[in-house]
Amino acid sequence: MKIQKKLTGCSRLMLLCLSLELLLEAGAGNIHYSVPEETDKGSFVGNIAKDLGLQPQELADRGVRIVSRGRMPLFALNPRSGSLITARRIDREELCAQSMPCLVSFNILVEDKMKLFPVEVEIIDINDNTPQFQLEELEFQMNEITTPGTRISLPFGQDLDVGMNSLQSYQLSSNPHFSLDVQQGADGPQHPEMVLQSPLDREEEAVHHLILTASDGGEPVRSGTLRIYIQVVDANDNPPAFTQAQYHINVPENVPLGTQLLMVNATDPDEGANGEVTYSFHNVDHRVAQIFHLDSYTGEISNKEPLDFEEYKMYSMEVQAQDGAGLMAKAKVLIKVLDVNDNTPEVTITSVTTAVPENFPPGTIIALISVHDQDSGDNGCTTCFIPGNLPFKLEKLVDNYYRLVTERTLDRELISGYNITITAIDQGTPALSTETHISLLVTDINDNSPVFHQDSYSAYIPENNPRGASIFSVRAHDLDSNENAQITYSLIEDTIQGAPLSAYLSINSDTGVLYALRSFDYEQFRNLQLKVMARDSGDPPLSSNVSLSLFVLDQNDNPPEILYPALPTDDSTGVELAPRSAEPGYLVTKVVAVDRDSGQNAWLSYRLLKASEPGLFSVGLHTGEVRTARALLDRDALKQSLVVAVQDHGQPPLSATVTLTVAVADRIPDILADLGSLEPSAKPNDSDLTLYLVVAVAAVSCVFLAFVIVLLAHRLRRWHKSRLLQASGGSLTGMQSSHFVGVDGVRAFLQTYSHEVSLTADSRKSHLIFPQPNYADTLISQESCEKKDFLSAPQSLLEDKKEPFSQQAPPNTDWRFSQAQRPGTSGSQNGDDTGTWPNNQFDTEMLQAMILASASEAADGSSTLGGGAGTMGLSARYGPQFTLQHVPDYRQNVYIPGSNATLTNAAGKRDGKAPAGGNGNKKKSGKKEKK
């Protein structure tokens, strides 16, 4: 084997070697080798490593390989020796047919440099094929009158070899009538012709046997033979004649099968069988005979198989016309195949990278691509491109090779992968294209820091929270992937009130959930400022911080604290002064309280929980100011005890109470005289309170029983008197005065009333007059200190018992008692101001029974409730005895629940005031009652 060079001479050889080395370094030189055909597999072709300037061991390291297109590889690289060897047995006739020289072209790729080196290997022909004829025997007829010199074309032999190994000569067996003349054709092959040397005589010899031998020029010589049988017939003096000596037609390669391409025509002036012309192919290639069909009677030439411009661009054939007597004529037919764009470009990806990091610089090579189109001309010119919206570009190399490179830096967070469509299109009409897809994965690098969902966070936690309670959750996301996006959370250490932040809070490193490590106190601190850090797991790791404001929410965990009046250390109560001349609304004192909580939990409201004289004082709901609700009277006790409750608005509400002692006096000596009485009484123990409750319940039960008995007796008495009035028709001028007792739950005062009933014999109507009593106990609502007008009862109240009290008015809602004003011990009172007293009909009837019982006992002079003459009723049971001279005159109306009558005091009558009439509705008066 040797490398063939075009230049000769030592100097030229050296110059050529130097030029070859430079061309190889630039990747644009051609390397030429030659090898005989039919060489065994693995035969040496050339030292490719030496010609590339590389060492044999560098072939594998630098990725040197053969790049061939569209065929089985004929050659291979021996990585150990660095030589080019045959990959299989090579048949030159299979590769190149009759073409000379037979060149096999391919490229050597140096992958690390992405360089291509074109290589051409010439396949040298050897004499491995024998000349052959298409027919083993040839029979034809000749007229005996054929003139000498007539030429008869003989089939030519075919030898697949080329050069000297191809067919070189023809020989005809000896015969006195025939000789051989070989014509050199214009297109190359030799055409043997048999020449008639002397006239034929059928009677002398009817059949002539000849042998035509075709020999090549190889060593040793190979030859093939054709047996010829010539039958001598009678004379036919007119051979067929074609209308044209040569026929030419252009046919597109995509013509349908069976299309009539051409019609040849030959005529023979003879008659009968001598004038009948038949057509046949003469000396055509077997491939042409497979593609085209010639109708032997009509001369039509059609295609039996598709035409392929890429296989044959021109078909040349000879058509022979023969009459019935054996005379023949020949014509040449040329069929030129026109190329059409029927082949799409072929895209081959020679080398490709499937993954690239996102931080690789622009110009990174992704793939090496080759494009080929089997068409010719513009139909074979191709263009390769990719979509313009991709960060890639195609760079054209030599010999329709392209490389795909990055045009700019990739960003995985925007696009994590690309499906690159490579389109190859030719310039034919219509243009054909081919698409090839390359999938490229962009691998991630840690180039993004974690990002919190908010710029800052605010969290709220109620105080007194349990330890370990979940407070808040922060979340961050990382645009990276896999480990670069795995986030861990931590608190940036800080100091709060001398203690580390980790003593107060902790965070779950995986979920970002904050937990309280201690119970927070709103009164200690109200908010915490901290920073949370999110860090990914990349290399190197990236992090970001966010501010978190943790606000402690107040809970109602502090009761109100009363600042004034301050509790003395000796358990005594302070004394506030109120002159008896004070007008309603006079500011006695002010209860001052604070609450350590905040917001609604620190909103305070004040109310009078208990008072020794209900209705005398009022407390501002929001100010805590203690004011007089009415004018002070002489009968008001010097010492007034008030229990004020202060309550916040938390849930649940908390409260505190304070006891006030108010001294009512106009002069200082009055206060000094009774200074000893202002000492606070000792608190009864639980057993005394229980005893008082038992005694009170027993007393109420006895009074109720007495009330029932008295009520029955009263009803019987009224019924009896009404019968007497109806019978006698007389009149009653008066009735004995009765005594009524008003009960306020604290004291019972004996009150004497007189009333007069006037009746006539002819009329059942009468008028009942209620004069004012000596005094009346007054129950005033905390919400109002207004005086009420008196009520008068019409005679209808005294009518027959059979008439129902349908005109009875409901109790006036202005005379409702707060819970603090209801009868009972002080320990049974509560702060609910929504109820009314009496609560139900039972309580109302019980109170009426107590009043009637007390009145009956006073009228009979046998009352056991009083403490003696001039004393208050029930005083022996419920408290110390006081004379009537010490009891102040309230001059207020006393309303009996369940009745539409009002008891007026006697003072009104003494003052010359007539009782106001009414129908059960009270009239309000804003004027102060004069003494």
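A Cβ is built for glycine as well, from the same backbone N, Cα and C atoms used for every other residue.
When you go through Asn545, Asn900 in Swiss-Prot, the residue listed as N-linked glycosylation site is Asn545. Using the rule of three or more Cβ pairs under 8 Å, pairs at least 6 apart in sequence, the domain 'Cadherin 5' (453-562) is not in contact with the domain 'Cadherin 3' (243-347). In the domain 'Cadherin 1' (29-133), the DSSP tally of helix, strand and coil residues is 14 helix, 40 strand, 51 coil. When DSSP labels each residue, the domain 'Cadherin 2' (134-242) comes out as 3 helix, 54 strand, 52 coil, counted as helix, strand and coil in that order. Counting residues per DSSP class in helix, strand and coil order gives 7 helix, 52 strand, 51 coil for the domain 'Cadherin 5' (453-562). Along the domain 'Cadherin 2' (134-242), the predicted structure has mean pLDDT 86.
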